[in-house]
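Written out below as structure tokens is the structure these notes cover.
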Amino acid sequence: MLAITLPDGSVRQFDGPVTGTTIAASIGPGLAKAALAMEVDGLARDLSQVIDADAAVRFITRRDPEALGMIRHDVAHVLAEAVQALYPGTQVTIGPAIENGFYYDFARNEPFTPADFPAIEAKMREIIARNEPFVREEWPRHEAIAFFRERGERYKAELIQDLPAGVPISIYRQGEWLDLCRGPHMRGTGDVGSAFKLTRVAGAYWRGDHRNAMLSRIYGTAWRDQKELDAYQLQVEEAEKRDHRKIGLHTGLFHLQDEAVGSVFWHPKGWKLYRTVEDYMRRRLDASGYAEVKTPQLVDRRLWEASGHWEKYREHMFLARVEDEAEHERVMALKPMNCPCHVQIFNQGIRSYRDLPMRMAEFGACHRYEPSGALHGIMRVRAFTQDDAHIFCTEAQIADETVAFVDLLSSIYRDLGFDSFVVKFSDRPASRAGSDAVWDQAEGALKEACAAARVGYEMNPGEGAFYGPKLEFVLRDAIGRDWQCGTLQVDFVLPERLDALYTAEDGSRRRPVMLHRAILGSFERFLGILIEQYAGRFPLWLAPVPVVVATITEEAAAYALEVVAALRAAGIAANADVRNEKINRKVVDHIEQRIPVLAVIGKREAEERKLVLRRLPGREQETLPLAEAIALLAAEATPPDLRRPA
RNA sequence: GCCGACGUAGCUCAGCGGUAGAGCAACUGAUUCGUAAUCAGUAGGUCCCCGGUUCAAUCCCGGGCGUCGGCACCA
């Protein structure tokens, strides 16, 4: 006898080992039809799996959250079978479910192109229509390896070989085709349904290592039903409209061009936005005990050699070779970061423990020769400005400084419209400076500080900087891509390399710890994300043109110019639109230009000295006396930090 | 950097082995019109660059540059 406990607490007895299929059937025909897989004592399993001991069982149906992952995983198998059927000689590798879909990596001499999709999708629908059951088998390891080797599947053979000993080698069959897979799967290929679509092809390195062969990856999306797929595609289209590259160009914020790849040409409106954010940041830093500095752009290679950057990042630095009068060549580098220069300022004179913590900030313009494939709009560029600062402090001060930093960062993100963000903790990378003991200390200090600041984080193993562990504050763009913006890095190495010292209370000379920290990260990246966050329609305090005053008739033009002057006097960078166009046209134009507030005036308003305010792209309007309207707009155009009582 | 796709007017895009087209924008004129595109006209292009094939290349081929999507990288 064995007892199966169901989620509602009820218990069913069975004479002997049973499959999920049998249990589901015993509960009812509806469930028997709906159950795709099950969870046995909390672990996902095939429905066909035999249960031979008392267990808690929960059935997974199409409605359950796990179903999406299963559909995507199963459709990846279907894709692999279809591809091997159509393109003999193609080797399979791995094909996981991912956010919104799935992919499968294939090894094939000739890469796929989107033109191949219709044929592949048609073949996939055939396989799904056949509804072949997924059948799980466990094979002895050597047999599995021999089998895949014989079929020329060297990647699969390698995968099996590298599976840890003791892990069962499970094989899933779907009709004639089979694949190594951990499972679980749904009942058969028919459960995949028809709400899937291949989306793109891409190259991807085998096992994510650039020294390995490049495989051909096919991405797809898959959903429970057509409605979900349609909704997803609509969402993707909407997200694409928020793309900062499109909005930036369209609303005249900036442009990029071939003669300065990776550098931004900021136009007047974009630069206004930039300066608004910079001014805001400067006020926040001033109020938080930071002292701003400015350091050289071109610095002799000696300093980069001393800091260790030369050895590790020379390839990614812009160099300038100059000859002095004696024809000695000097190699200078455009600074790729600010920290070594900040240490030079710290090292001037003799520092006391009384000077610590010393918070040294710079809006530091940096250049890095980023690999061409990494460039992305203004989010990943070769010339950028960091809101950088280095806090020179004692080990004992790390926790307090981290707490203060996280508070400041949270407040700033909130002001700028980001209520939530992800924190990642990146610990020691394989290639690093400093001893393990120093790393233990640095990672420990940062973890303690996180606890003190009550910051939850996810681990990002091996992703720390070469000189120390880091916290990354990650924001997401419109298309769902994650970007590291803020960062806090603990560094015991650079003070050592650049010989930073202070005199302690007991008169001894000690090394300060350096905390490298940034909140926006780079202005370029952050503004790119900000544009996507607001779809180019900023709150009044950020908008380069917060208000446009549009006339209905030329008779109102004089009043319009007067209103604009009054708005500007109140600190609102308003523009007038007195073009000889219909008001309908003006409304459309300013919606497209992402102007947040349109003030419409005609003869009536001019006579009554009023303003009609319309929040674009909305349709509602309110009519206010001029002074009242200006006061309202001025309040809204005030940066949030200046709105708060001091 | 690697794999793939793409590069035509300011923007969005169509097109073709016989030296290019639309819509919007620009400019000119008319219209002064109360909340989601007024009408008419004019002008605008080394078809990314360099080679090659061809009687002839924007189109085909090779190389380069750039952009886009991934991968790798991200001090």
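Counting begins at 1 with the first residue displayed.
Every residue gets a Cβ built from N, Cα and C, even glycine.
A TrEMBL annotation is a machine prediction, not a hand-curated record.
Binding of Zn(2+) is annotated in TrEMBL for A:Cys339, A:His390; the matching candidate from A:His185, A:His210, A:His516 at the same site is A:His516.
Sequence-distant contacts of A:Cys339 (Zn(2+) binding site), defined as residues of its own chain at least six apart whose C-beta falls under 8 angstroms from its C-beta, comprise A:Ser307, A:Asp388, A:His390, A:Asp491, A:Leu494, A:Met514, A:His516. Of the chain residues outside the Zn(2+) site list A:Cys339, A:His390, A:His516, A:Met337, A:Asn338, A:His342, A:Val343, A:Asp388, A:Ala389, A:Gln489, A:Asp491, A:Leu494, A:Met514, A:Leu515, A:Arg517 have their Cβ within 8 Å of the site's Cβ mean position. When the binding-site residues A:His390, A:His516 are scored by other C-beta atoms within 10 Å, A:His390 scores highest.
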